[in-house]
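Positions annotated as region 'Disordered' by TrEMBL: 1-21, 49-92, 106-125. Per TrEMBL, compositional bias 'Basic and acidic residues' is recorded for 61-92. Here TrEMBL flags 116-125 as compositional bias 'Low complexity'.
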Amino acid sequence: RKELETQLGEARGALESQEKTASELKEQLSVQDQALQAAAKKIGAALREASEAGEQYRQAAQERDDAEAKARELEDELRSSKRGAADNEERIEQLLRQNEELKELLREASDDTHSQAQLGAAEGAAKQAKEELVQVVEENKQLKARLLELADSLEQRNGALQNAESVREATQA
């Protein structure tokens, strides 16, 4: 009986030791579970940040593409306006030459007293050429103003393009 009590005491001691070990393991599991939950939250936050950075990159790329398209559009319009201005410069020169020719005709016609009809026609043509010259000069002023607007707009688009490129580089980093 004494031997059984000894064995029973040893068994109780072993059981208490195992319960203590189980309790310690349970505590360790709880700490590890909390660490896993914290890591999962950090991973979730990192994934959200990566998703947001990806969206910012996509938006920056879209803004860059839009700015490049607008810049090309403005450059085309600028070239067209420059061509229009050059055409108007040529028209002005042509009208000035015509005006000189008409002045010469007027001088010749005024010398010839029999050419009153020719004088009237020359005066009318000179007046019309002068009106056309004034109109072309005004168109040229408007074209030059538009060229300045286009240049400013192009400069702004280039700034937006550089900003979009900076955002893209920042999101890549």
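Counting starts with 1 at the first residue shown.
A Cβ is built for glycine as well, from the same backbone N, Cα and C atoms used for every other residue.
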Counts by DSSP class (helix H/G/I, strand E/B, coil) across the compositional bias 'Basic and acidic residues' (61-92): 32 helix, 0 strand, 0 coil
Secondary structure tally of the region 'Disordered' (1-21) (DSSP, helix then strand then coil): 20 helix, 0 strand, 1 coil
